[in-house]
Amino acid sequence: MTVAQIHSDCSSSMLPRHIKDDVEPIHLLGFNIARKPKWLQFVLLSGAIFILYLGYGYMQELIFKLPGMKPFGWTLTLIQFVIYSGCGYAECAVWHNTKRMIPWRIYGVIAFFTVATMGLSNASVGYLNYPTQVIFKCCKLIPVLIGGILIQGKRYGWIDISAAILMSLGIIMFTLADNKVSPNFDSRGYIMISGALLADAVIGNIQEKNMKKYGGSSNEVVLYSYGIGSVFIFTYVVLSGEIFSAIPFFLENSWKTFGYALIFSFLGYLGVNVVLTHIKVFGALVAVTVTTLRKALTIILSFLLFSKPFTIEYVYAGSVVMLAIYLNLYSKNKASWDHMIRIFVARAMGYHAVATKKDPMMV
């Protein structure tokens, strides 16, 4: 090799190069937090979940406290779907793509059940004690388990079945407590929220099955399911005549209807995205723990901020549901939880070092 070649190689090696950044971006409300310490990422994402969803729950209950709002749950859902669709399109256009992978007919089915889930859930708030609605939404495992068996032919173990039984017991206890203390007990609310849970179970199974089959992304599913769902809801509110009563009511109270609905919808959309990011970064177990604590705080704040009757039976029922949720989590993460339990017991008994060396299950 000549001196000139060596000089050329050395010079080229000293030139600045564009090195590909291997750190995968982690977006929180448009900001990349990938280079922040892990503990700070957890604090930021968890804090965002609490703020967004506590605000979402507060706005949802506040809207239905408006005199005369009770019959217009589907109009509120229409506004929510339009905003979700617009946000979904903007997100896909900027960060992803709007290409459709899943067939239209599948999206028609997904959109129908998405409409049923969110529409019935929103409408039920007008007829239910809000904490009861939150407790019911915590118990999605029951219809998901049934849907998994019927739609995908899945088989579940005794732990999952036990969790579903405990959830059913918790719901029954909450309903009986509601019936005991609520002066405006209305069975229509329970029918609506039960229908929402059943539809939600069907959605999850259909989405999972077809996203795997056709390779569709979660962003694509949000865009098309909410877009088509908006058309479904608009057709329904026109044919039922609800829209013609809702428009004068919304215009008469424009800030407290359109304003609250916009805030409610944006908080909901951002909340969904933050939860998905939390799952991606820290896993489903940690994310479910955070969201479960958030739901518990939502129930507490509902009792503090909005006057409603209270009984200690609510606490008992909520505790049973919480136990069922973590029993279900244990079923999904049995191997890792068993490992952590063994380590904890070993440390507590003072033979951690010996156990980790000799017990093959501790390795």
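Placement of Cβ uses the backbone N, Cα and C atoms for every residue, glycine included.
Database features (Swiss-Prot):
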type     : residues : note
TRANSMEM : 39-59    : transmembrane segment
TRANSMEM : 63-83    : transmembrane segment
TRANSMEM : 106-126  : transmembrane segment
TRANSMEM : 131-151  : transmembrane segment
TRANSMEM : 157-177  : transmembrane segment
TRANSMEM : 187-206  : transmembrane segment
TRANSMEM : 231-251  : transmembrane segment
TRANSMEM : 257-277  : transmembrane segment
TRANSMEM : 281-301  : transmembrane segment
TRANSMEM : 310-330  : transmembrane segment
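For the transmembrane segment (106-126), the partner stretch with the highest count of Cβ pairs under 8 angstroms, out of 39-59, 63-83, 231-251, 257-277, 310-330, is 63-83. The transmembrane segment (39-59) is not in contact with the transmembrane segment (187-206), judged by fewer than 3 CB-CB distances under 8 Å for residue pairs 6 or more apart in sequence.
Sequence-distant residue pairs (6 or more apart) of the transmembrane segment (231-251) and the transmembrane segment (131-151) include fewer than 3 whose Cβ atoms are under 8 Å, leaving the two stretches without contact. Between the transmembrane segment (63-83) and the stretches 131-151, 157-177, 257-277, 310-330, Cβ pairs under 8 Å are most numerous for 257-277. In terms of C-beta pairs under 8 Å, the stretch of 157-177, 187-206, 310-330 lying closest in packing to the transmembrane segment (131-151) is 187-206. Counting residues 6+ beyond its ends, the transmembrane segment (157-177) has Cβ neighbours under 8 Å at 132, 135-136, 138-139, 141-142, 145, 190, 311, 313-314, 316-318, 320-321, 323-325, 327-328, 330-331, 334 in the same chain. Below 8 angstroms of C-beta separation, residues 131, 135, 138-139, 141, 159-160, 162-164, 166-167, 169-171, 173-174, 176-177, 180-181, 285, 288-289, 292, 296, 299, 303, 337 of the same chain, each at least six residues beyond the ends of the transmembrane segment (310-330), sit close to that stretch.
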